[in-house]
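I have placed the structure first, in the form of structure tokens, so that the comments after it can refer back to it.
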Amino acid sequence: MDTGVIEGGLNVTLTIRLLMHGKEVGSIIGKKGESVKKMREESGARINISEGNCPERIITLAGPTNAIFKAFAMIIDKLEEDISSSMTNSTAASRPPVTLRLVVPASQCGSLIGKGGCKIKEIRESTGAQVQVAGDMLPNSTERAITIAGIPQSIIECVKQICVVMLETLSQSPPKGVTIPYRPKPSSSPVIFAGGQDRYSTGSDSASFPHTTPSMCLNPDLEGPPLEAYTIQGQYAIPQPDLTKLHQLAMQQSHFPMTHGNTGFSGIESSSPEVKGYWGLDASAQTTSHELTIPNDLIGCIIGRQGAKINEIRQMSGAQIKIANPVEGSTDRQVTITGSAASISLAQYLINVRLSSETGGMGSS
């Protein structure tokens, strides 16, 4: 593969996102941030590191290609140093390879793997690096992890070739829709379920109201501020700031705010059932029904794979949700939500989260 397109200073601003564990990130940051500061100054690349209360963190490198790969090489060298240090008093017979994970849009993985795996095989053979593309997307995102292992130079060459493939794919067929970036979850985050009970999430599952942007490997603005929510066992939960706001609204029996802006979906913003009390406490509330109209091309994100998402929404809200069969000639599907006013409101909220994540319609509060 010709990596001259990278070596020759291609006129693009490249962004590489790495997924690392906290200990690795700590080493890269260094004492009082001295190590990462040195990397920034010597490479000329922008190096951003996601918030520190997560077991996993995203390191984003952005800038001209020569700056990016200089910073990348410095990170690889640092990881290599850490392995050498750990081997000093070790009785292990073999030295482990440097291993890292790239985070890339799932839409690019097909081109990267190639027909029958030919492209990924070519990259492995030409660079000597071990490369594995994850089969599943990272939680609550449209991105996958690519694990690369080997000696430093092999890894650097491998990442260059991966970027070349992605650049070529972009130039031939620009992506459709948005990329929902992966956001590692905090290790302990207050959440609330229907019924009012507080919990703290400590597992590996999380959900986010992501900063959605039509970004690929080349977007320098990928690290925008997220709007976060958290999950336990894969179920949506309401973040604490929103919880306080919604609790106040419930006490005032005011209308539930469905969106931060106009979604264009009939029945979602215009219809807001009154919240009659704190969620889950009014078990004897009168059962009512509410109908939504959702475009056919978005109904899939509400249903989820094998109905997983719609079942989450049902369990979280306590509402019954029925999606009508498609009607010939119609571009919309009818969704009927039945339950108490509070459960309907929560179901609407969760549906709107799914739609906003899919379309990028969620603004900042």
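Cβ from N, Cα, C; glycine included.
A C-beta separation below 8 Å, combined with a sequence spacing of at least six in one chain, links Lys115 (SUMO2 cross-link) to none of the other residues. What Swiss-Prot lists as SUMO2 cross-link is Lys115 (among others).
According to its DSSP assignment, Lys185 (SUMO2 cross-link) is coil. Per Swiss-Prot, SUMO2 cross-link is recorded for Lys185 (among others).
When secondary structure is read from DSSP and collapsed to three states, Lys322 (SUMO2 cross-link) falls in the strand class. Note on Lys322 (SUMO2 cross-link): other Cβ atoms within 10 Å of its Cβ, all shown chains, come to 12. According to Swiss-Prot, the SUMO2 cross-link annotation covers Lys322 (among others), on the basis of a large-scale study or a structure entry.
The domain 'KH 1' annotation in Swiss-Prot covers 13-75, and the record cites sequence analysis as its basis.
For 97-162, the entry in Swiss-Prot reads domain 'KH 2'.
According to Swiss-Prot, the feature domain 'KH 3' maps to 287-351. Across the residues of the domain 'KH 3' (287-351), the predicted structure has a mean pLDDT of 86.
Neighbour count (other Cβ atoms within 10 Å of the Cβ, all protein chains): 10 for Ser173 (phosphoserine). Here Swiss-Prot flags Ser173 (among others) as phosphoserine, drawing on a large-scale study or a structure entry.
Per Swiss-Prot, the feature phosphoserine maps to Ser189 (among others); the stated evidence is a large-scale study or a structure entry.
Per Swiss-Prot, the feature phosphoserine maps to Ser272 (among others); the stated evidence is a large-scale study or a structure entry.
Under the heading phosphoserine, Swiss-Prot lists Ser364 (among others), citing a large-scale study or a structure entry as support.
Residues or ranges marked as phosphoserine by Swiss-Prot: Ser365 (among others).
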- Take the C-alpha atoms of Lys185 (SUMO2 cross-link) and Ser173 (phosphoserine) and report the distance between them in angstrom, rounded. 32
- Let me know how many other Cβ atoms fall within 10 Å of the Cβ of Lys185 (SUMO2 cross-link). 24
- Note on the structure: Taking only the CA atoms, the spacing between Lys322 (SUMO2 cross-link) and Ser173 (phosphoserine), expressed in whole angstrom, is 37
